[in-house]
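Feature annotations, courtesy of Swiss-Prot:
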type    : residues                                       : note
BINDING : C18, C21, C40, C43                             : Zn(2+) binding site
BINDING : P122, T123, G124, C125, G126, K127, T128, Y129 : ATP binding site
DOMAIN  : 6-59                                           : domain 'ClpX-type ZB'
Amino acid sequence: MSKVSGSNGGDSKNTLYCSFCGKSQHEVRKLIAGPTVFICDECVELCMDIIREENKTSMVKSRDGVPTPQEIIKVLDEYVIGQQQAKRILSVAVHNHYKRLAHAAKSSDVELAKSNIMLVGPTGCGKTYLAQTLARIIDVPFTMADATTLTEAGYVGEDVENIILKLLQAADYNVERAQRGIVYIDEVDKISRKSDNPSITRDVSGEGVQQALLKIMEGTVASVPPQGGRKHPQQEFLQVDTTNILFICGGAFAGLDKIISARGEKTSIGFGATVRSPEDRRVGEVLRELEPEDLVKFGLIPEFIGRLPVLATLEDLDEDALIQILSEPKNALIKQYQRLFEMEDVELTFHEDALREIAKRAIIRKTGARGLRSIMEKILLDTMFELPTLEGVREVVISDEVVKGTARPLYIYSDRSEEKTNVSA
């Protein structure tokens with residue numbers, strides 16, 4: 001039951017209090033009234049956090065205690081827009097991987113092999129985000145490595161063992177947990193062989209890294225220095241078995257679509273052949289026809305591709321998909337900026353045509369969803385600079401003219417509801 005102050009002061013006579021935390025209506029931003037109780041915005045937020053955590057742990061699981069593919073894809077849909085085929089491939093691969101681990105202890109005459117995953121798609125289409133979301137769903141340690149920083153052992157740069165060290169750190173040095181984790185190696189297209197022919201000189205950051213990754217991806221006992229690097233020769237090494245670590249590799253593979261198209265042209269020669277200009281097809285559409293031989297042609301060695309049996313290609317994002325990414329996911333960019341403005345007690349509103357204009361600009365930049373934040377920052381920079389010192393603003397409205405740079409955002413004031421500020425840029 002909410003409390004009412006018994007003070008004789010006129011202002012505090014009918015002060016309402018939150019029934020849960022006891023704070024008064026003056027100490028919180030909002031106080032929501034029920035038939036006999038009151039709850040403040042802070043308690044509502046706390047309740048939502050508790051429910052979110054419980055939902056995460058009470059995920060529907062198969063008999064093996066592993067989330068089902070349908071459950072995995074359902075959660076992925078909440079965070080990642082589009083890419084249905086890639087999400088389906090990933091959810092099945094991850095489900096099978098952890099089901100394999102659940103059965104590993106049981107004696108069986110059939111040994112289940114590990115299926116690492118290769119994600120191929122244009123920049124900004126959600127490869128990294130998919131891998132991060134998967135690790136959150138399964139609740140296992142996750143680490144991300146940049147393939148461009150890796151070199152062969154003995155050369156200046158990061159050893160491949162450093163990847164396992166990062167995973168160990170993500171697992172708080174719990175070796176058992178780390179051995180069930182997920183490793184995402186980004187930019188694998190940058191470690192492609194520099195030439196189609198084997199060279200007499202060593203390619204320490206290209207083919208050399210691919211060779212170094214082979215063993216840890218397939219399964220080996222890696223000796224990991226807890227303090228990293230070679231600067232502490234006296235330290236004791238931790239032994240980490242990589243057999244059950246799921247490796248997901250991703251890359252944009254710029255130019256791979258041309259290799260696929262060239263292979264297709266060879267098989268469609270003659271009077272009855274359908275000839276389509278490469279410009280007529282989107283990159284994602286061409287990538288659907290990807291075969292392992294195309295990756296070999298690109299510069300990955302056959303042994304490396306052999307360790308990545310699951311191939312998932314991602315579509316390049318069109319205008320409608322980018323608009324959805326801006327507004328629909330749980331942590332959509334628009335929702336993030338609206339939350340920032342709420343902290344100033346200001347409502348942030350975007351017109352539909354403004355979202356479309358932002359999406360168009362991201363497509364022109366060719367950076368996919370990654371470019372959306374920088375466009376948003378540019379649009380809202382002046383507003384975020386001015387807002388903390390402005391009095392009485394209750395709403396900021398963004399139109400397509402604001403995105404184009406021909407007008408300033410519309411400020412709506414609470415004390416003078418008719419007064420609006422919209423000065424041409």
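Every residue gets a Cβ built from N, Cα and C, even glycine.
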Mean per-residue pLDDT computed across the domain 'ClpX-type ZB' (6-59): 77
Cα-to-Cα gap, C18 (Zn(2+) binding site) vs C125 (ATP binding site), nearest whole Å: 44
Among C18, C43, the one of these binding-site residues whose Cβ has the fewest neighbouring Cβ atoms within 10 Å: C43
C40 (Zn(2+) binding site) and G124 (ATP binding site), Cα-Cα, nearest whole angstrom: 39
Distance from Y129 (ATP binding site) back to C43 (Zn(2+) binding site), taken between C-alpha atoms, in Å: 30
Binding-site residues compared (P122, G124, G126) - highest count of Cβ atoms within 10 Å: G126
For the binding-site residues C21, C40, C125, the one whose C-beta sees the most other C-beta atoms within 10 angstroms: C125
Assigned element (helix, strand, coil) containing T128 (ATP binding site), judged by DSSP: helix
Cβ within 8 Å of the mean position of the Cβ atoms of C18, C21, C40, C43: remaining residues of the chain near Zn(2+): S19, F20, G22, K23, V28, L31, F38, I39, D41, E42, V44
Near-site residues: ATP, ref P122, T123, G124, C125, G126, K127, T128, Y129, CB cutoff 8 A to centroid: G121, G250, A252, L314, G368, A369, R370
Pairwise Cα distance for C125 (ATP binding site)/C40 (Zn(2+) binding site) [Å, integer]: 39
Chain-internal residues, separated by at least six, CB under 8 A from K127 (ATP binding site): L119, G121, D186, G250, G251, L314
Proximal residue to C40 (Zn(2+) binding site) among binding-site residues P122, T123, G126, T128, Y129 (C-alpha distance): Y129
